[in-house]
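Each remark here refers to the structure printed beneath this line.
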Amino acid sequence: MKRSILHIDINNCYASIECLHRPELNGLPVAVGGSVEARHGIILAKNEIAKRFGVKTGEALWQAKQKCKDLVVVPPNMPLYARFCTLARQIYLEYTDQMEPFGMDEAWLDVTGSGIFGNSEEIAQTIRERIKEELGITVSIGVSFNKVFAKLASDYKKPDAVTVITEHNFKEIVWPLPASDLLFVGRAAAKRLGGYGIHTIGDIARLQPQLLEGILGKWGLMLHAYANGLDSSPVRRITDQPREIKSIGNSTTTPRDIKNNEDVRLVIYMLAESVCTRMRAQGFYAKTVVLSVRDVNLHSFERQCKLENPSCLSGELALKAYELLQKNYNWCNPIRSIGVRACDLMYHDDCLQLDIYTDEEKRVKRECIEKTVDTLRSRFGDTSIQRALLLSDKKLIGLDGKEEQDVFNEYGGDLL
Amino acid sequence: MKKVYVDVTASFTRDGVIIPQAIRWEDDHIFYIDRVLDIRRAAAQKTGGAGIRYTCRIAGKEAYLFLEQNRWFVESNR
């Protein structure tokens, strides 16, 4: 049966919500940006006027100010954006229970069985009107017969618009678009395809699938299916089990560059503690630790290694991450940002292979201590009990990676 | 137009509906609401914000009163 899928994208989400709450900024170029002092000074979102000046998401505030000297930069207010995105989702859920968020401000809806509200285009128009009226922000909605084309359609016309891609018109609308517009064709894949003279989605669709497989592996076959409108992936129901968690990680850009082993150890311990707290809360043990490093020239790399035993102990993770850094970094440049991630996760009640050379009793005791610390922190605040090491330089670790992560974690929408 | 937060006296019906009864202005002047004409979720486009919008008749005139999370505000010309 032919499906009716909507993809809804809130236009310039953060910037629109800020503009709604600050009517005095009406008609001005506005961007939401991180704090320069904490060195999070990049553009997180911009409004239509700022966009016309060429301001791009992700660029540094000073770069944006060069393009548009009157740019008004406002600090982000994550709880407010989260509230609006929840309100928007409540509206979507009035039309279907198949609603799959993609990031904080996007969602797919399957309205195949929602005929009492009208056909899919009518539902899209109603939702667009309601969001504008009730929340004061605009959305662009793509209507199609699969998720990939619905997403393409929502990007096709912005802001405050509905675009319909049907089985009859998709060749005229979708095929002339650049290959990079297709979901999952990133910068690297687009470059690779470009090298073979494949520039549009139509080029991908018309190519022999085997040839694409030769270029991009199994992804090639998937992209070929997507380009031909053969994506059959379902829109998840909100009652479905949440997606399986594959890794838990935290990263931070420190207020000043890290130049020595002592400082780096401090930051690694702070991140490892946050990661382990989150792992314990979800009942996980990690078998692998990944360390990511970005230096002042924005060169970044990742290194990983196995833990001797599956663990949720911050000391073990931090030590391993610190070892990784020692082995793989020669301090050619100071470090700007650092991340610790636990992956290869297993549940705490899965079977565990013990080894006779490790003092398991001590490890169990350590875990009890760390759990107690978690409880203390949840009752009396994160700073109620800390490692002495972390007190040696409060300025460097004066930021808590966990809080930021929590906001995004709830709405995190990475599909793969 | 400016956004003015106000004190509100309201009644809570047994169905869980909140009906505002009177507004206390910044200068302590009290305006009684004759009737609530409409209740809907809406954005306050003129002064910013969004919440539940009550269209009220106060002294024969229609005015919007917004409930934004747990605070009430009106859009004022004064």
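Using the three backbone atoms N, Cα and C, a Cβ is placed for every residue, glycine included.
Those TrEMBL annotations? Automatic predictions, nothing curated.
What TrEMBL says about this one:
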- A:5-186: domain 'UmuC' (DOMAIN)
- A:Asp9, A:Asp105: Mg(2+) binding site (BINDING)
- A:Tyr14: site 'Substrate discrimination' (SITE)
- A:Glu106: active site (ACT_SITE)
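The secondary structure of A:Asp105 (Mg(2+) binding site), as reduced to three states from DSSP, is coil rather than helix or strand. With respect to Cβ neighbours within 10 Å, the binding-site residues A:Asp9, A:Asp105 differ, and A:Asp9 shows the lowest count. Least packed by the Cβ count within 10 Å, out of the recorded positions A:Tyr14, A:Glu106, is A:Glu106.
Looking at the residue listed as 'active site' and A:Asp9 (Mg(2+) binding site), their Cα atoms lie 5 Å from each other. Mean pLDDT across the domain 'UmuC' (A:5-186) comes to 90 in this model. The two recorded residues, A:Tyr14 (site 'Substrate discrimination') and A:Asp105 (Mg(2+) binding site), show a Cα separation of 9 Å. In the three-state DSSP reading, A:Tyr14 (site 'Substrate discrimination') counts as helix.
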